[in-house]
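As given in TrEMBL:
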type     : residues                                                                       : note
ACT_SITE : B:H54                                                                          : active site
ACT_SITE : B:H105                                                                         : active site, proton acceptor
BINDING  : B:Y57, B:K101, B:N511, B:G548                                                  : ATP binding site
BINDING  : B:E103, B:N549                                                                 : Mg(2+) 1 binding site
BINDING  : B:S104, B:H105, B:N106, B:H107, B:R126, B:Q251, B:E323, B:S324, B:Q325, B:S551 : substrate binding site
BINDING  : B:D127, B:D279                                                                 : Mg(2+) 2 binding site
DOMAIN   : B:20-58                                                                        : domain 'Phosphoribosylformylglycinamidine synthase linker'
DOMAIN   : B:84-199                                                                       : domain 'PurM-like N-terminal'
DOMAIN   : B:212-367                                                                      : domain 'PurM-like C-terminal'
DOMAIN   : B:454-573                                                                      : domain 'PurM-like N-terminal'
DOMAIN   : B:587-728                                                                      : domain 'PurM-like C-terminal'
Amino acid sequence: MARVVVDVMLKPEILDPQGKAVHGALDRLGFEGVSSVRQGKRFEIELAGMATPEAVAEIEKAASTLLSNPVIEDFSLRVEP
Amino acid sequence: MIDTTENAAKTPDHPQPWAELGLRANEYERVRDILGRRPTNAELAMYSVMWSEHCSYKSSKVHLRRFGEQSQVTPVGKLLAGIGENAGVVDIGNGLAVTFKAESHNHPSYVEPYQGAATGVGGIVRDILAMGARPVGVMDSLRFGPLDADDTQRVLPGVVAGVGGYGNCLGLPNIGGEVVFDPSYAGNPLVNALCVGVMRHEDLHLAKASGVGNQVILYGARTGGDGIGGASILASETFESEGPVKRPSVQVGDPFMEKLLIECTLELFAAEIIAGIQDFGAAGLSCATSELASAGEGGMHVVLDRVPLRDSTLAPEEILMSESQERMMAVVEPADVERFMKICAKWDVQADVVGEVNASGRLTIEWRGETIVDVPPRTVAHDGPVYERPFARPDWQDALQAASPAHLARPSTGDDLRATLLRMVGSPNLCSRAWVTDQYDRYVLGNTVLAQPEDAGVLRIDEASGLGIALSLDANGRYAKLDPYTGTQLALAEAYRNVAVTGARPVAVTNCLNFGSPEDPDVMWQFAEAVRGLADGCQELGTPVTGGNVSLYNQTAETAIHPTPVVGVLGVIDDVSRRIPSGFRTPGHIIYLLGGTRDEFGGSEWANVVHGHLGGLPPAVDFGAEKALADILHSAAGDGMIAAAHDVSDGGVAQALVESVLRHGVGARVWVPGGLDPFVFLFSESTARVIVAVPHPDEVRFTGMCAARGYPHERIGVVDDEGVLDVQGQFSVGIDELRRAHEETLPAAFAE
Amino acid sequence: MTIGVVTFPGSLDDSDALRAVRIASGDAVSLWHGDADLRGVDAVVLPGGFSYGDYLRCGAIARFAPIMEPLIDAARGGMPILGICNGFQVLCEAHLLPGALVRNDHRKFVCRDQRLRIENASTAWTSSYEDGQEIVIPLKNGEGGFVADDATLDRLEGEGRVVARYLECNPNGSYRDIAGVANERGNVVGLMPHPEHAVETLTGPSTDGLGFFTSVLMSMAAA
């Protein structure tokens, strides 16, 4: 069994009100030195079998069609050992 | 090791954590007497949660009986279901019935504001659904500590987002409610949610498991470890080697699941395959199984292993106590099970047969092939302990009532009155609620005729005939603190009047009684007085109490909240196109004040805002006048004689005038009636009063009707388009300035 | 003329869209998300709500419902499609419309009577209005901020595909105050505010929303 992790983030040019709010809260709580926060989503996908190149390619397809919306989001994918 | 009934019988001296679970020694003894042995852990879990104050009403029951002793007939006919059912059901005509109920979710909303409030809405919606009704609207009555307190900054935004998040996602319009600030609610916010539903008479469903051989089906969300803080004591005992299991005490709601549950359940009702149904509220499976079984004529056997779990580590006691949301239990004839499952599949709702109705007269539950519960279901669900708690009029009550507001400095000049008005309309309890209510969907379902900031919400129920309902939810903790009997009647009178000003006929009452600890005789006296006041008031108005909810222990250490009986009144309006809105719209309309004004400032918002004072006696109640006023408004609405009507209550005539001119941004010229002190005219909170706008051609007919009925009516002004509220001879203030003062308070308080 | 209204799990304003079609004198047909069948309707409304709880992203799961296959084909063939609120989100997720809708900039759900300007009165759904006409209809959303990259926004403006724009206040942070957009052909329109809640004086702030439904009925009758 293998696990594939897909991280989805809003594209840098898209406003992220949640990230902005977290940033504001960090400032108010006195956490210093933060210049920007962006909030994203993380999907942990358990594969039934091994992380073969074919299996990973399938997940990559899923990430670009369902898990992320390419109009506003980018994703990155990695296989966890 | 599983604590089976067999094991329990063999180990009578096994120590059990009954005290930690909230049972008293005498209550634990009673459980042993009932069972003739010590309870198993699972039985102990069930009894402890079902005999809690929250589920058993053990302190309040003796007083609440007053409501049941009253006539169960409303002005539009007999109740189809009354006290004792999940919610009262009122026949509104055309073969339609309405069911409505309010419930508190106070403490959970303090712990986790968003989820606490959200699951409060979810719970009351399922209550209404379980009656066989389609939920069609929600309201919320919210109370917080001072607006500027840090904790209010934490609690309020979360509660509002939770009420909105859940209700909006369910597609139920939020049509009204209250938001009140008072130091007495710091640390003890009140979150009371009301839901109203509609059904055809024949669709009324009551919770009972009858018919031997019928299948018991659990459907909806899987069961997880939500809200079972208490049961983990038992779980940790069960899993000694692994140490205590930490379970969250907060429930998490999934409104999408609930939306599916509603649509799925309504389709099941339509298919006529539900023999009995019960929602899951507090106490989860313990409550649903024992209530269903004890309301039926037989017994029930449940196989707990068949309950689908979200968390496979849950112990059986935890499964029984879990408060996971969005679950329902149905009793179905064997031949209908397949169709039942098909409808659930259509809506992607999981459903599992978990038990069967039998003739044993007992509720038995098995786990891994062994019996862990074997009880007479009535003893769990209905025959819990009942306490006659001592109560006594508090020794501070006389001093409080003696501290009359008469000595407080009053504004004497026009400029003083103007400054007082601006200060009042922007004060936390009188300012615009738009920051809150703009987060609620009031349009969905397309039948909202009136919603906040109107006095009452009005919904169209029957598109063909225009038949509709009106609802208002009101309380005034300050009045109730001064005199709980009168204060409760004032809440009733206000809710009744709020319904009446829309042109609807008030017909039935629900309530949510929020008080401190019943173990404090002062609090118990407040409670007893409140119940007596409400029962007497409903008797006089002819509007029966159809059901309600009690929330006790709302206090921090020795300090209880103000007694806060929240009263909901339901009205019926034959044709919603005849409803009367609250806002002035048309220049030239004549403004009348109906009802008499007295010098009444005890518990008033003026005393609160300007002097921080609470003392004296609240305004007098006159139910005869309230009824006469409601009749006038009902007739005037039917004949189309009045263009606008607005209740006069907190903040007096001044506040009512401000709200009515701001609604559509018109102006008004107003004069102080002869013989009245300008300050008393503007700010007194005398009851049985409304302001109305009458088109000139209808004036004679309207005043003739008031005169014929002997109701006080005073011409106090005229609507204009000058952009100013002018109180002649006293002061004038621009509409823009009024609007700023009224609307800036909450956005400024919650600015990010 | 029949107009279908799709019900997804979590659709909320479907009955309102059906009512609006009837009030506009059209034949309203209820369509189910799980059926890959448009039942011969002449136009389709994707209604507001929270399809699939708006989990993942608004409209992202509904976009893959069986009914979307024939719907996407029909849209490409010129059938008038109107997505309202959640329906707009579904159309963007299905790439029938450009851009996307993100959480309101103030992060709160907002319900208000919203003034709009009709910027293009030549689409299938707006022909009953005049260019530049101002209307007031309810707006209610938590994730209604319309976003797209500058090139897309410039193209939309240049091609007259901004159908409606917010006036007086931008309630959700939409780029360039955009409240609704159309595809190139003008048959597919997405709108964040709710015209179906402004079709009766009794329940709406106006009857300004009725024009969306009469537009499509008239354009179909003329065709």
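In case you wondered, yes, glycine gets a Cβ from its N, Cα and C as well.
TrEMBL labels come from automatic prediction, so no person has curated them.
Neighbour density for B:N106 (substrate binding site): within 10 A of its CB lie 23 other CB atoms from the protein chains shown.
Annotation: B:R126 are the binding-site residues among B:E103, B:R126, B:N549 whose CA atoms are within 10 angstroms of the CA of B:D279 (Mg(2+) 2 binding site). Cβ-based crowding with a 10 Å cutoff singles out B:H105 as the top-ranked of the recorded positions B:E103, B:H105. In sequence order, B:N549 are the binding-site residues from B:K101, B:N106, B:R126, B:Q325, B:N511, B:N549 with a C-alpha within 10 Å of the C-alpha of B:H54 (active site).
Per-residue pLDDT, averaged across the domain 'PurM-like N-terminal' (B:454-573), gives 97. Taking CA atoms as the reference points, B:Q325 (substrate binding site) and B:D127 (Mg(2+) 2 binding site) are 12 Å apart. Listed in sequence order, B:D226, B:G227, B:I228, B:Q251, B:F280, B:G281, B:A282, B:A283, B:G284 are the same-chain residues six or more apart from B:E323 (substrate binding site) with CB atoms under 8 A from its CB. A straight line from the CA of B:N106 (substrate binding site) to the CA of B:N549 (Mg(2+) 1 binding site) spans 12 Å. On its own chain, B:G548 (ATP binding site) has B:L64, B:F67, B:I83, B:K101, B:A102, B:T510, B:N511, B:C512, B:L513 as residues at least 6 apart in sequence with a Cβ closer than 8 Å to its own Cβ. In this view, B:D279 (Mg(2+) 2 binding site) is surrounded by 26 other Cβ atoms within 10 Å of its Cβ, with every protein chain counted. Each of the binding-site residues B:S104, B:Q325, B:N511, B:N549 was assessed for Cβ neighbours inside 10 Å, and the highest tally belongs to B:N511. B:D127 (Mg(2+) 2 binding site) sits 10 Å from B:E103 (Mg(2+) 1 binding site), taking the Cα positions as reference. In this structure the residues listed as binding ATP are B:Y57, B:K101, B:N511, B:G548; their two most distant Cα atoms lie 16 Å apart. Whole-number maximum of the Cα to Cα distances across the substrate-binding residues B:S104, B:H105, B:N106, B:H107, B:R126, B:Q251, B:E323, B:S324, B:Q325, B:S551: 21 angstrom.
Other Cβ atoms within 10 Å of the Cβ of B:Y57 (ATP binding site), summed over all protein chains shown, number 18. Closest by Cα distance to B:Y57 (ATP binding site), from the binding-site residues B:E103, B:S104, B:R126, B:N549, is B:N549.
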